[in-house]
Amino acid sequence: MKVKLLVLLCTFTATYADTICIGYHANNSTDTVDTVLEKNVTVTHSVNLLEDSHNGKLCLLKGIAPLQLGNCSVAGWILGNPECELLISKESWSYIVETPNPENGTCYPGYFADYEELREQLSSVSSFERFEIFPKESSWPNHTVTGVSASCSHNGESSFYRNLLWLTGKNGLYPNLSKSYANNKEKEVLVLWGVHHPPNIGDQRALYHTENAYVSVVSSHYSRRFTPEIAKRPKVRDQEGRINYYWTLLEPGDTIIFEANGNLIAPRFAFALSRGFGSGIITSNAPMDKCDAKCQTPQGAINSSLPFQNVHPVTIGECPKYVRSTKLRMVTGLRNIPSIQSRGLFGAIAGFIEGGWTGMVDGWYGYHHQNEQGSGYAADQKSTQNAINGITNKVNSVIEKMNTQFTAVGKEFNKLERRMENLNKKVDDGFLDIWTYNAELLVLLENERTLDFHDSNVKNLYEKVKSQLKNNAKEIGNGCFEFYHKCNDECMESVKNGTYDYPKYSEESKLNREKIDGVKLESMGVYQILAIYSTVASSLVLLVSLGAISFWMCSNGSLQCRICI
């Protein structure tokens, strides 16, 4: 019995053995990513796919300055409001900037027909040629061309639009007029004009010397006849009369004809348009700065090569796609706080590793060994490099596929098109929701795949070592093996590089394994004896206890004992 107890004590004595473990890199990163199954997973490395910053400035776009309308609206600029005179010389731009509530629009009150459509057309124009379609001095010899209004005053004096002429009677007459222009510019030409609606018949007679005036405008694609509406109206800018403004695009080779016997606000300058689909109109109060950018938003410029942004849905230039997400981060490294249990959609399990190694800094996966010569970490460069190449290619592919940069400007609707505008917003919101969902789902799936990919690589490295060692070592958990033989540094290196010589160490391993197995058998015998003794002893204690209780109860009358023969 003394021998058996001695053997039992020996089995609990710690013995030194050479070991090798498979593990992965860890660091002090606090980056977190989301996956399909988990949120806020801490990882060693990740890349951001969502741009959320801007410089708060208006910048040149690829070296070309924007057209800043300042206190002028698009209407004031294109009609030639006298207060917008500084804009007349501007003929090219990268984009157009309008403030939210510009003061100088149509100085003479009235209705601007299809104004939102005109803005839409101008949003795709990057330059134009302003030219005199009907020269002021020679086109209207029988009419007065100096009509002005106090509502369009400039420097304290009555004035009028720079691109229009207010024709009135001359020498008490207003002869019928007919004027045409043939477009020979090889570009679309924007032509603007107006029709005056006096507040009373007296003004009508004084200005045009007729009570039954008309204005006719005809081209291949446009035909309309206007009749002045003479009526008293509420004063706007101290005017009871109104001017309604109209426009059309004249195709190359087409001719536009103006006929009237009164009330015509004639075109003086027209615009030969050059389209540029990278242009647009934005509404912004951001200040102009000496900066250059590839992407401009109303809030500021974005200088980013990322595929997504959440700064603003309206963009001009080469811009990331707008999404409503607040976080789109793609993992490139490994879990920094790994889970022990099995996980993953794609079958990879590395749960046998409880923690990463901060001591291994030269690779993602590798080894830690311990023997009589010491201990140390070593990265598996081949598997690490293969993983880096694969993940880098995947990230680049995702960015390339999703990084379709473009301009996204708002659509224009007038007050009578509110239902259409609301419907358009709902459609745009629907597309935006789809884009956001697709972007988030893509990142979640790829993050799940990447983490499972790392798990799989660690598992493969473990299996590679296991297949080499076979029964020359035993698995002791936590990704480690304990050798049945002495394994010096040269031996450890052969395991790492896949050249481990199994037969060389098999005999030593067999002897040590048999010794250990013998100890296990002796231990089993001891355990069996102890188990029998324990069972018998506990049974005797139970019987003695029951007997004592029964005797006591019989002696005090609590229990009657009858013996029948």
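Just so it is clear, glycine is given a Cβ too, placed from its N, Cα and C backbone atoms.
For Cys491, the partner cysteine in a disulfide bond according to Swiss-Prot, taken from Cys480, Cys487, is Cys487. In Swiss-Prot, the cysteine linked to Cys291 by a disulfide bond, out of Cys59, Cys72, Cys84, Cys480, is Cys59. The candidates are Asn28, Asn556; Swiss-Prot tags Asn28 with the feature N-linked glycosylation site. Taking Cα separation as the measure, Cys319 (disulfide bond) is nearest to Cys291 of the disulfide-bonded residues Cys72, Cys84, Cys291, Cys487, Cys491. Classification of Cys107 (disulfide bond) by DSSP places it in coil, neither helical nor stranded. Cα-Cα distance from Cys491 (disulfide bond) to Cys295 (disulfide bond): 59 Å (rounded to the nearest whole number). In sequence order, the disulfide-bonded residues near Cys72 (disulfide bond) (Cα within 10 Å of its Cα) amount to none of Cys152, Cys291, Cys295, Cys487. Spacing of Cys295 (disulfide bond) relative to Cys487 (disulfide bond) is 61 Å (Cα to Cα, whole number).
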